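Features of the protein shown, as given by Swiss-Prot:
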ACT_SITE  Asp89  active site, proton acceptor
BINDING   Asp89, Ser90, Gly91, Gly92, Phe93, Asp143, Gln188, Gly215  substrate binding site
REGION    246-252  region 'RNA binding'
ACT_SITE  Asp265  active site, nucleophile
REGION    270-274  region 'RNA binding'
BINDING   Cys303, Cys305, Cys308, His334  Zn(2+) binding site
Amino acid sequence: MKFEKLGQSGRARRGRLTLEHGVVETPIFMPVGTYGTVKGMLPRDIEDIQAQIILGNTFHLYLRPGLEVIKQHGGLHDFIKWNKPILTDSGGFQVFSLGAMRKIKEEGVTFRSPIDGSKVFLSPEISMEIQHVLNSDIVMIFDECTPYPATHEEAQKSLQLSLRWAKRCKAHHHDELKNKNALFGIIQGGMYEDLRDESLNGLLEIGFDGYAIGGLSVGEPKEEMIKVLDYLPNKMPHDKPRYLMGVGKPEDIVEAVRRGVDMFDCVMPTRNARNGHYFVTDGLVRIRNSKYRHDQGPLDPHCDCYTCKNFTRAYLFHLEKCGEMLASMLGTIHNLRYYQRLTEGMRDALDKGTFDEFVQDFYARRGLEVPPCPVDE
């Protein structure tokens, strides 16, 4: 993996990632394809919205279809017919979300499969092996996602376990498996700056190809998340990619880019589309609202996606009211293209030196003031 920093405006960065299956321009949003499919999208649709990289999930693919099936296809790329880069989440977050169904020990995590109730064991080594079989371009370490809220003591204990696991992940990925693909560390520590520092410094000692901010978007108020983003990205290596996991709303992504984050993923655009909530240049359209029954305009006049070029809001309203599958499909195409256009717009503005104007326009269209952002002297 190679990461080049191509430009900067304040803390916002313009970069380029070169991976085994292609080049990724940053800032970038990665559509989530948990089970080896982005819900409601054909692989050609994902190409049409100009996604450069997608996300798969180690935990779910390990349970179904299992490694043997994917091995027979020579990896996840051939299995799902996607020839561009793939990042895989290690499974740590999914194990965290199982709650009482899991037991965490030093060796790893034992849990009941949410599919058939059978006992399953996941460890740092097993996670690395699964992701090696998947042939992920970016492999994430197996960690414990610190819950919110957590006391200082709980968050510290959790991050120290994650650091010991991180060391095992690196050893297995590099030394045992000889995997040449990128391996990213994940910073934990809850909402405590001293613990975030401890986690980051521990990961830097081990050494990774990129660094992710974990443990956000887990139920904390937005102010708490912004507080972490005010200080943490700027402490992360300036010559490595920075990834904010599981975030988020368009405003959250803009604010994180302003603070120096490069990569994002979130289920929000796909999930919201299935509920008739569409992201547009001026904010949000809730298509089930009866005011759209006779609306002859496109969903977003500024959008170049298949949905906006071909269908009216009235038609989308009709599909939603009828409970038609096509409503979710067209909505997902649009929402994911919106997120790609958002990050494209930021890249373009960073290239042209007009990033501040981009941010002003983004908020002005929503009738909002630009929030404050830390400035380096």
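Using the three backbone atoms N, Cα and C, a Cβ is placed for every residue, glycine included.
Once Cβ contacts within 10 Å are tallied over all protein chains shown, the binding-site residues Gly91, Gly92, Gly215 are led by Gly215. The least crowded of the binding-site residues Ser90, Gln188, judged by other CB atoms within 10 A of its own CB, is Ser90.
In the three-state DSSP classification, Gly92 (substrate binding site) falls within a helix.
Within the same chain, residues at least six positions away from Cys303 (Zn(2+) binding site) with a Cβ under 8 Å of its Cβ are Val280, Thr281, His334, Arg337, Tyr338, Arg341. Apart from the site residues Asp89, Ser90, Gly91, Gly92, Phe93, Asp143, Gln188, Gly215, the chain places the Cβ of Val95, Phe96, Met140, Ile141, Phe142, Glu144, Cys145, Ile186, Gly214, Met245 no farther than 8 Å from the centroid of the site's Cβ atoms, the recorded substrate location. Residues 93, 216-218, 222, 225, 264-266, 268, 279, 338-339, 342, 362, 366 of the same chain lie 6+ residues outside the region 'RNA binding' (246-252) yet bring a C-beta within less than 8 angstroms of a C-beta in it. Look at Asp265 (active site, nucleophile): DSSP puts it in a strand. Taking a C-beta cut-off of under 8 Å and a sequence gap of six or more, Asp265 (active site, nucleophile) has these contacts in its own chain: Phe29, Met30, Pro31, Val32, Leu55, Leu87, Met245, Gly246. Using a 10 Å Cβ-Cβ cutoff, Phe93 (substrate binding site) registers 21 neighbours. Rounded to a whole value, the Cα-Cα separation of Cys308 (Zn(2+) binding site) and Gly91 (substrate binding site) is 36 Å.
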